[in-house]
């Protein structure tokens, strides 16, 4: 909080020693402080590797799927990509609940082991004689299931940091996550040098090529992560003021000693924050999904151009997110997390409002049939098909523009490139600010109680948004066009802003709500 000096983080802190309670009698020594932050940094790495595990194969899934199973089509590709989020959605509350009652090492090691095994399965999906595409579906779903440990990571960091440290720690977590999404495709590009044939070990039926090398690297990094967790991670817990506490996971039951009444969690604030986080991830999924189809339709780009330019834009988006994460750490100390959350949604609303088409200039119409249409039929993952095919096709005769099958192309004005880029900057600023502030506030609202299951539900809401967002924008954009699509998104953002305004006073730290400390 504002009245706590930053130097206090490094000083030994003496608990108040409340009668009848041993929990608050601990002192945070310098050794404990170093061990606590060493453990937190191990979980930063875990978050980074989880993101890399998702993004390191995202651009090569389609060609690999075609190679192992000729019956796979674009629709099945959408299921393969969505299976990651489905797996994470199911696993998050389970791992979160587990972490509430047992040492966090257990769900972390089990979840990472599942991811390692799933990545190895992905490398061997070419071996079965039939139904290979379903093995890939299972592999990606299990990788997502292993990524459910995000709930454990966030709950650990929330419990191992004081209120003053929390925003910085959560921002660092988001930074590592964003870096994982950025660097994953970079690793994939490097492995492309190996080629499709690569090297084969017949004895173990292992093919190391441009498709399998990335997942084998992810599996190796996962094993290193398990080793670090086993030997470095320690159970740490501090209260909102930073005083050392005994971890709930190891606290012995003692019915003879009275317990300090902790108060109840504000469930209204909990539900509201889950809704807010759902909208945050929904917005990102919508924007990510619509990016390439929109540029194909509005600017008559070829698929090669769209993949190149939009890929550059997404990398810039990730870099901008990292800068925003670093910026909010400083800004939150001056204006608070709630103001940043509200301001972030306002910026996002302005971004989508700018994307609304105006004027009397219309996009180029594509009169010819285009088999690989720019219509976003399922998810952003289908656009990966264009990335792989673009390097093999002759684009000199490829029809470009807004396909006539989308009737709105005939009467909807074009979105000018300046509009598009301005909106990208604004959305790229607002989204990461809203993301980190939403689960930072969430962790503070929950207070000193174990947060595993609650963080699991938060991660589940985010996974659901990543599944539903592409479905929503695909149908609305295809049949009604960008004006309706972005207008509805603006409406959703306005409703979310009103929700934040309604619960604004409730979005305070647990200790502040019960007046144990002053905000």
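For all residues, glycine too, the Cβ spot is worked out from N, Cα and C.
Among the ranges 17-37, 290-310, 311-331, the one that Swiss-Prot lists as transmembrane segment is 311-331. With respect to the membrane, residue 137 and residue 478 are annotated on the same face, judging by the topological domain names in Swiss-Prot. Helix, strand and coil counts from DSSP across the topological domain 'Cytoplasmic' (97-106) read 7 helix, 0 strand, 3 coil.
The transmembrane segment (213-233) is not in contact with the transmembrane segment (268-288), judged by fewer than 3 CB-CB distances under 8 Å for residue pairs 6 or more apart in sequence. Counting only same-chain residues 6+ beyond the ends of the transmembrane segment (42-62), those with a CB under 8 A from a CB of the stretch are 77, 80-81, 84, 108, 112, 115, 119, 122, 136, 140, 143-144, 146-147, 149-150, 153, 156-157, 172-173, 176-185, 187-188, 192, 210-211, 214-215, 217-218, 221-222, 225, 228-229, 232-233, 381, 384-385, 387-388.
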